[in-house]
């Protein structure tokens, strides 16, 4: 089993990162370099989290061997026996031979640092660039990152000059490398504590609120109102950008030098806009015949960048709106089925995606009713209590991990108790659960956070390239200080435990932080205590209240604005539900008509064909006779058949006005101006 556990985890973590990237990214539409760079960043960060428990168990076994070798001992198979006390040092099942872990950590760490500080920032600017060639995009990316890279070079150069001039400093390459690592970890720890303080409170609270059906439904209505506003804004923005593209396309003709740039922009536009612009092209006109002012290449680059952003935003809001509708319909179904006497879950709408037959066989309507209406709320409550307990242990350990006599950190107590009995399975499970919970608190905050519309991780393949690269950059900066913080909580870091013992392979590549004593003995120990203040602020929703005061609507139960948005969202969901019901009723009527009159329709079609053959033969023999009456009769029969099949839906007398056309509603209520009929008629967003 030597090294087998390491190989299995390497393969498992790769597929885990690939699955998450497939959920948020789009392999078909996004550039391959963006996918590869993001996958590599996520993979390396997840790999550190999963491999670190193996490093801890291997280090404990190596410490045992050193203790045994320092006393008279005798070898016995797979373990070493200490002669005086007959103590046994069992080799763990996941033992990794000496020399592998230092090389592994060195490759993983420095690759992740190269990604987060050099490659990913450059690729962010490259992905957002509106250039029409690779050279133009690289030039734009270098210009945007000149200040970013120049600042680091200036600081590093000033530090080197100071060390060279001051005779009191005699730094070697290893010490200089340690200073760079300490600077990167300090920046990461500063952001880590902020994200951790939010996640430790919000994750248990979100699971506790997940057991409240009314709470989830109200929050879904609130999200629907906000998302409709964002969706309408995205549609208006896309219409404005497409109008600019149309003007540019009409002014720059086929033989203009910049026509290739315009064609590149047109390829990024939606299909319906491309067809509309293609019909208005006058390619026979030369651009030299009229002395008009043409846009420059710089303005076309800017327009290209705006088109990419607006199309991506419009597509994302459309998909998110459909997902939110499904969620709202499902929560309303759960609320209705809670009082069902038959104890069978009944859906208002059938699933649009085909269900798996195996899942459908076991997950029957009765099982679904018991899970959704009875078991799931209690499961979420129990899970919330367990997560809250973990959060309390983490907060206590963050405030007391610097104390070694006595040991107050609960994680250090658990590991030391298991170390005495050399229970490696328990050690690895305890380490994995601890670092996994810390990673969930930090990474989930990264997935939830939203910086206006520039950084936003959206599921169902709706995340843009810039946000994917930014998330990979954050993961690479947060994971190393997260692991160092975990080793400090468990007293596996010699800097914290103040013991002259063998360090883990991970801390050995970090170097001795004693080079910067004010960081090792000050910032690393006392700054994590700030997590207590952040947890209190998150518990009382101080950040949410501040954002609400600044004009960013947040879900707050005691806010009048929240109540208004809930009412608006409820009305939007009701309209979409009524619209979908009419669509399903129309499809059912058409299906019934085809099943009932399908054979008669086929016989009518056969008679029509036979009549046409007779008329054609009669026409050949009587070429001088007019053909109008036969043609009119045949066309009328075909028209009547089409009108019978096109069954118009009945009027909805509960609608906002009697003038609503049901056929127009079935077409999606989409107007050429980019608005829905519900918005243009009821004007529910006039007061927002």
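Here the Cβ of each residue, glycine as well, is placed from N, Cα and C on the backbone.
What TrEMBL records for 224-251 is coiled coil.
Taken from TrEMBL, the feature compositional bias 'Polar residues' covers 618-634.
Taken from TrEMBL, the feature region 'Disordered' applies to 576-671.
If you look up TrEMBL, you'll see 6-21 (among others) marked as transmembrane segment. When Cβ-Cβ distances below 8 Å are used as the criterion, the transmembrane segment (6-21) is approached by residues 35, 38-39, 42-43, 46-47, 50-51, 54, 94, 96, 100, 104, 468 of the same chain, each at least six residues removed from its ends.
According to TrEMBL, the transmembrane segment annotation covers 33-52 (among others).
Per TrEMBL, the feature transmembrane segment maps to 103-126 (among others).
Look at TrEMBL and you will find 146-165 (among others) tagged as transmembrane segment.
For 177-201 (among others), the entry in TrEMBL reads transmembrane segment.
According to TrEMBL, the transmembrane segment annotation covers 378-396 (among others). Through the fold, the transmembrane segment (378-396) approaches residues 196, 200-201, 203-205, 207-208, 210-211, 408-411, 437-438, 441, 489, 531-532, 535 of its own chain, all at least 6 residues removed from its boundaries and within a Cβ separation under 8 Å.
Annotation source TrEMBL lists transmembrane segment at 425-446 (among others).
Sequence-distant contacts of the transmembrane segment (523-542), counting only residues of its own chain at least 6 positions beyond either end whose CB sits under 8 Å from a CB of the stretch, comprise 186, 189-190, 193-194, 196-198, 200-202, 205, 391, 394-395, 398-399, 401-402, 484-485, 488, 495-496, 513, 556. Positions annotated as transmembrane segment by TrEMBL: 523-542 (among others).
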Spatial neighbours of the transmembrane segment (33-52) far in sequence, C-beta under 8 Å, 6+ residues away:
6, 9-10, 12-14, 16-18, 20-21, 25, 27, 104, 108, 111-112, 115-116, 119-120, 123, 127, 431-432, 435-436, 439, 465, 468-469, 471-473, 475-476, 478-480, 482-483, 486-487, 506
Along the coiled coil (224-251), what average pLDDT does this model show?
91
